[in-house]
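For reference, TrEMBL has these:
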ACT_SITE  HIS315  active site
ACT_SITE  ASP373  active site
Amino acid sequence: MSSSATGAAKPTVTVTLDGSNRNTSLPVLSGSIGPDVVDIRKLYGDLGVFTFDPGYGATASCESKITYIDGDAGVLLYRGYPIEQLAEQSDFIEVSYLLMYGELPSPAQLEAFRKGVTYHTMVHEQLRRFFDGFRRDAHPMAVICGVVGALAAFYHDNLDINDPHQREIAAYRLIAKIPTIAAWAYKYSIGQPFMYPRNDLSYAENFLYMLNAVPAEPWTPNPILSRAMDRILVLHADHEQNASTSTVRLAGSTGANPFACVAAGIAALWGPAHGGANEAVLKMLGEIGSPENIPHFISEVKDKNSHTKLMGFGHRVYKNFDPRAKIMKETCHEVLAELGIKDEPLLDMAMEMERIALSDDYFIQRKLYPNVDFYSGIILKAMGIPTSMFTVLFAVARTVGWVSQWKEMIEDPSQRIGRPRQLYTGATQRDYVSLGRRA
Ligand code: SDX
């Protein structure tokens, strides 16, 4: 234990290299809640060794004040506020303000933020042309990845990310324009005209409007669907240092254009192990076909050689129920009831799947519970959103989390370019052999 300036002993971890008389004392840092961390920054300098943690399952990559997850207790806090309370009492714009600035807004601050986002929802008219380069059947995640990346071409020359005001404008632009770009990717895929954003609608209403309205007739928001969409956006807004957020942080640590960083985040989110799982859940339920086929599917999942995963189940951090999945399940029942959908076979299948899995030792031992993606697809399908758009919706919601984490990183005085090391097991040094001398 080393003593700190206040005299209180500051915890340390001593690492001794077996077979040598070398050791080092590493400080243990404490956060406000959650596990302490061992600061290993001087380990290599002192002992000449790296730590090894493929997938970063035991590595804190940064200090953050935005989102806290307790995977064992199934707790998720945005700036200290439980997700259950925010999903019930707040809305996506207010949660976006909270994630960006750290406190719940005053009425005046909320109105100014809401207005600021509303008046940035339109995109440069030339951006429309980027869509024409895609085939109509291109996956909309590929489309939004390309178009969001293209925003970097519209906002690059005069973008100084070291200027707080310009960082804020970039954040507003990304939060505001991502629903427009996402909805246009859908409209492009079905050959319908793009719908321009409306300033008289809320964020969720506007997104549903741009997805569903056509110029030929008026469109009025359905309050139930708008509320459900808003809640889904709140649940997906941020989630600590997940794969896509870590991608945005790593790209941003080089000083890259924030629009390009968010495009990188979209690319990472697309994977079926991450944000692509909601689409994969629907595909999985469709392939299973009916509840009587569930036991056979579960036996395939248990067979390692099948490489079959129970999509929508499991999580790197949650070893208990994902609190978002619980809220999503409740919302699912509400939306289906309010839409007058009495028996949704997919929901019945999902609930039977959950019942069987949660009573099966294979899943219990591995602490595999439904995650945020298990029920979201069923709601979205009931709302008429095509499966290919599920992960796009996840990206719409997570953009505020990405820009909040990016902003926090840029403003962190200890921030430096991310550059992990490796355990090298390749060929040791050898001399080049000319072609004529090779076998
Ligand atoms: C998201 O990080 C985040 O915060 C992500 C996210 C966010 O908001 O950003 O929460 C969003 O990505 C949710 C997760 C969506 N993905 C899926 O639903 C795809 C299915 N799930 C798995 O691919 C998996 O659970 C992961 C990728 C989510 C987690 O992978 P890990 O960390 O490698 O899983 P693990 O270490 O907890 O696995 C322990 C065991 C392993 O078996 P053994 O080698 O011990 O025998 O459980 C097995 C895994 O093979 N396992 C599964 C499984 N998930 C883990 N077996 C069957 N089905 C699964 N879904």
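Even glycines carry a Cβ here, placed using N, Cα and C.
All TrEMBL annotations are machine predictions without curation.
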Within the chain of HIS315 (active site), which residues six or more apart in sequence place their C-beta under 8 angstroms from its C-beta?
GLY71, ASP322, TYR369, ASN371
In terms of DSSP three-state secondary structure, what is the assignment for HIS315 (active site)?
coil
Far apart in sequence but close in space: which same-chain residues, 6 or more away, have a Cβ under 8 Å from ASP373 (active site)?
GLY275, ALA277, ASN278, ALA280, VAL281, MET311, GLY312
According to DSSP, does ASP373 (active site) fall in a helix, a strand, or coil?
helix
